[in-house]
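Asker: If you scroll down you'll find the structure; I have some questions about it.
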Amino acid sequence: MDPKNGSSFTGFILLGFSDRPQLERVLFVVLLIFYLLTLLGNMSIIALSRLDPHLQTPMYFFLSNLSFLDLCYTTSTVPQLLVDLRGADKSISFAGCVAQLFVSLWLGSTECILLGVMAFDRYAAVCRPLHYTVIMHPRLCSLMASASWFIGFVNSSLHTVFIFLVPLCGRNKIEHFFCEVTPLLKLACVDTTGNENEIFFASVIILLIPVALITFSYGQIVRVVLAIKSASGQRKAFGTCGSHLTVVSLFYGTGIYIYLQPSNNYSQDQGKFISLFYTIVTPMVNPVIYTLRNKDVMGAMRKVFCQDYDSR
């Protein structure tokens, strides 16, 4: 997508929800509230993981990585969307579109890998409790987290380069609220079947390999839990995994729908609303899911607030 394809090419126009002006007003208020809640919730998780010594474990190390990732992921798209919802100018520069696509793909790919790593952590905690601290050594945790970010970076770099090499022939109106893969390819004035096949193949690897690891991990966890005779032990084991499994279902469900369905079945309206879900709703609810039934996090919150109150 060479910017020189058109003589007056200056960037792209994000059509978003411009055909629904009444909806734009409602979305602005709702998304602004959701975005602020996302910032508050994820920043709280990161802060608590640093402040409370009891939360300085592999599970919360990965959770703080996930929270930081969600903060960046939401911030890569939502501020631009909020500006577009309130103004008549819905343009984005060519460089801005490239950056937005690259960052969103990088963070989305990283989250795919990281959720698989977190499933392995839960497997080690439940199925190998006596060896957990040896298996999930801090160095290994750092290595797995770094590998997740690196794989996401490589995947995003390749996708971004391939997508923006496709000629546009002056087309610049993106039927979406941010620079996303499928709407960008629909601007092309050449056959993009090869690009779509490459994206599908890469998506299968990035999405389904972690899904296979998650399925194996939770299959082993269920087998071990069912062997536990005490009801309290079963509840505790399921409690440590239920939150992660809920997040996995929300994230992979939307990701598989967007990236693994045939392009001729792609609905622009459905794509927009599902993208809203995984760019703002999922990052917002992740901290809630991980804290509501988590006694460690709730205890850390009470401890921090009580210390702050006592210091006054």
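Cβ atoms are placed via backbone N, Cα and C, with glycine included.
Here's the feature list from TrEMBL:
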{"type": "DOMAIN", "residues": "41-290", "note": "domain 'G-protein coupled receptors family 1 profile'"}
{"type": "TRANSMEM", "residues": "26-48", "note": "transmembrane segment"}
{"type": "TRANSMEM", "residues": "60-78", "note": "transmembrane segment"}
{"type": "TRANSMEM", "residues": "98-120", "note": "transmembrane segment"}
{"type": "TRANSMEM", "residues": "140-166", "note": "transmembrane segment"}
{"type": "TRANSMEM", "residues": "199-226", "note": "transmembrane segment"}
{"type": "TRANSMEM", "residues": "238-260", "note": "transmembrane segment"}
{"type": "TRANSMEM", "residues": "272-292", "note": "transmembrane segment"}
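Just tell me what is around each of these and how deep it sits.
Answerer: Tertiary proximity for the transmembrane segment (199-226) is limited to same-chain residues at least six positions away from its ends with a CB under 8 Å from its CB atoms, namely 109, 112-113, 115-116, 119-120, 122-123, 126-127, 151, 155, 158-159, 181, 234, 237-238, 241, 245, 248, 252, 255-256, 259-260.
Sequence-distant contacts of the transmembrane segment (238-260) (same chain, at least 6 residues past either end, Cβ-Cβ under 8 Å): 59, 66, 108, 111-112, 115, 118-119, 122, 125-126, 181-182, 199-200, 203-204, 207, 210-211, 214, 218, 221, 225, 271, 274-275, 277-278, 282, 285-286, 289-290, 293-294.
Counting residues 6+ beyond its ends, the transmembrane segment (272-292) has Cβ neighbours under 8 Å at 16-17, 31, 34-35, 37-38, 41-42, 44-45, 63, 66-67, 70-71, 73-74, 77-78, 104, 108, 176-178, 180, 243, 246-247, 250-251, 254-255, 257-258, 298, 301 in the same chain.
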Asker: With Cβ-Cβ distances below 8 Å as the criterion, list the same-chain residues six or more beyond the ends of the transmembrane segment (60-78) that contact it, or say none.
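Answerer: Long-range Cβ neighbours of the transmembrane segment (60-78): 31, 35, 38-39, 41-43, 45-46, 49-50, 100, 103-104, 107-108, 110-111, 114-115, 117-118, 121, 138, 141, 145, 148, 177-178, 247, 279-280, 282-284, 286-287, 290, 296.
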